[in-house]
Every structure is written in structure tokens, then in C-alpha cells.
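*Asks:* One structure coming up, written as C-alpha cells, with questions to follow.
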Amino acid sequence: MSDDTSFLSSARYGKDKVRVLRVVREGKWHHIVEYNVQALLEGDIETSYTEADNSVVVATDSIKNITYYIAKISPHILIPERFALHLGTHLVSKYPHIHKAFVTVEQLRWSRIPVSGEQGPTEHPHAFIRDGDEKRIVKVEVNASKGKDKIIASVTAGLSDLLVLKTTESAFTSFVRDKYTTLKEVDDRILSTSIDLSYTFSPVEIPKPTDADVEQFAVPAEITPGSVWDTSVPTNARKVTLDTFASDNSASVQATLYRMARLIIAQNAHVQTVSYALPNKHYIPVDMGYLGVENLVPAQAEVFMPIAAPSGLITATVSRK
Ligand SMILES: O=c1[nH]c(=O)c2[nH]c(=O)[nH]c2[nH]1
């Protein structure tokens, strides 16, 4: 183009919403994961935008094919943090002109169906139930811009859409009162939120894989999603979040959020920051005074109107010192 009033200041492309279900068979005991994957690339790709030069373009169709291939061969497929690192590392090491890969994995929630056995309920070996809308989220940035033998990866993980509600031990008082205030102070209310949580690990160095050993990807030991997520580990972030939500005598969403985040950092040595986004989903006691029916005393109200919108939105990031 002849004019110099603009330039390409950033460019990133790839495939979004690659849907994959992977089965891992241990004899008759089967495991499944269902992932929605986004894989985006950065690198020496400017000319594809500025000069219609497709010679630098790894087709998004190929990126999709690589995603399925790594899902097939990766020994890490059942752990989304590790699968995302494996995929991102393969993308940046395979193509000399690609310097960064951004991989997001959203894991849908499949749990084993509990069935009755001779000694009580057991988990079915190969039948699963979609156990809510909650998603486990992993975001990985694999950066080879300092060279293919000096690959650095940053991992952010967490969950979204974890819907919770408690019927007491939540209050909200002593907030700013002025001419705009209509909200009454309450020492007892319903507290409900749809939890979005993410936590970051410190960046890790990835040993250079060769094309030949694409199957042998080694995950750095610092990436220990097990301790942050694994349901068998008592300090896992999901459990800490749920326990704190249930047990905290909440003065506000803000105060409960801060407690949750601090506990995750205190109990997980490799976690550097914890962020929450907590919508305050309001439930309003229905006024039945016109019928002579009392339903407005906070701790005694029984009939509530769920309000879809608007909601409060309380967010914060807590960082390791
Ligand atoms: O926990 C709360 N935090 C707020 O900031 C707020 N604002 C509001 O109207 N209700 C609430 N509740």
C-alpha cells in the first residue's frame, strides 16, 4: 500500500472451538475427557496480512489436525494443563517461523455414573454423566521467541460457571449511605454466585523436543495441577473455593473472595496469583404484606425472586508477595 498512515501492530491466528472427546482405556476401566480447544499462533506471519503471502500460513485446518493428533498421541491427554503445553510446544518447535502458541483448553464436566453395587454405590467403569455446566479452563502461552531450545511456558488454569448458593451466614451492612442508596442493610441474606477462578503458575522452561520425539513430551515438575485441582488432594483450588464459600460467615462477596484466594496461594507453593470474578446473583424476598403474610424479615423470609439481571460483579487478583 502506498500510504504510511497505518501499520500491522499485532497479529495472531489459529483454530477455535476444536471439539475433541478422547477415550483412554485401561482394560475395562475407561477414562474420558471432552475438550474445546483454541490454538492460536504468532510469529513471522505479517506478510500474510500485508502482502497476501500465504507461504507463511500454517492453515488453521492443519492446526486443527495437529490438535487431534496430539490428542491421540499425548501421554498427558487426561490433564488439560499438560495437554495444552504439549500441543503448544509442538506448534512452536515444528515451524521455524512460529514463535508463540496460545492454547486454551476448556474441559467439560463428565463424571462417572454412580451405580449400586453389592457393597453400596460404585462408579461405573465406562458410563458418564454431564455433571453441570462448570468448565475447567487452562490457558497456556508457549514462547519460543528466544530460540527453539529456550522455550518458556506460562500456564493459567482454573474453572468457570461453578454455580453455588447459601441460605444464611451472609450479611451486607455498613456500606456507603447517601442520597442514591435504596438498599437496606441485611444481617442475613441468600448469597449466590457463578464462580470464575483462575490461578497462574510461574513461567517454566520446556526442554526442546525434536520432531522425532513429539510423543515423548516432558512436562516440567513445577506444573502441578494435581495439587491445585485433583479431587483427591485436600488443598485443591475447587475444594478450597467450595469449602470457604460454605463455611465463611460472609461480610460481603469481596471479603469471602479474598479469603478463598489467600488460602489457595498459602496452600499451593507454585501458584503466583489467584483471580476470581464473582457475580452477586440477587435473590429478593417477595413482599406479601398486602396479603397480611410476613416474608421480609431477613432470617425468616422463605419465598425469594431470583433476579437474572442486573447482578453485582466482584473481581480481584491476589498475588504472592
Ligand atoms: O457482597 C456485596 N458486595 C457489594 O459490593 C454489594 N453491593 C450491593 O448492592 N450488594 C452487595 N453485596
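Don't overthink the numbers, they just go from 1 along the chain as shown.
Just so it is clear, glycine is given a Cβ too, placed from its N, Cα and C backbone atoms.
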*Asks:* TrEMBL has T60, D61, F172, V253, Q254, N280 down as binding 5-hydroxyisourate; which of R25, R82, R189 does it also list for that site?
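*Replies:* Candidate listed by TrEMBL for the same site: R189.
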*Asks:* Once the DSSP letters are reduced so that anything not helix or strand counts as coil, what is K15 (active site, charge relay system)?
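*Replies:* Assignment for K15 (active site, charge relay system) reads strand.
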*Asks:* Non-local Cβ contacts of R189 (urate binding site) (under 8 Å, 6 or more apart, same chain)?
*Replies:* S170, A171, F172, Y283, P298
*Asks:* Which of the three DSSP states, helix, strand or coil, fits H282 (active site, charge relay system)?
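*Replies:* Once the DSSP labels are grouped into three classes, H282 (active site, charge relay system) ends up as coil.
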*Asks:* Compared by Cα position, which of the recorded positions K15, T60, N280, H282 is the closest one to Q254 (urate binding site)?
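*Replies:* Of the recorded positions K15, T60, N280, H282, N280 has its Cα closest to that of Q254 (urate binding site).
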*Asks:* Check the Cα-Cα distances from N280 (O2 binding site) to the recorded positions K15, D61, V253 and tell me which is shortest.
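*Replies:* Result for N280 (O2 binding site): the nearest of the recorded positions is V253.
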*Asks:* Need the DSSP three-state call for R189 (urate binding site) to compare against my parser.
*Replies:* coil
*Asks:* Between T60 (O2 binding site) and V253 (urate binding site), how far is it from one CA atom to the other, in Å?
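*Replies:* Counting only the Cα atoms, the answer is 42 Å.
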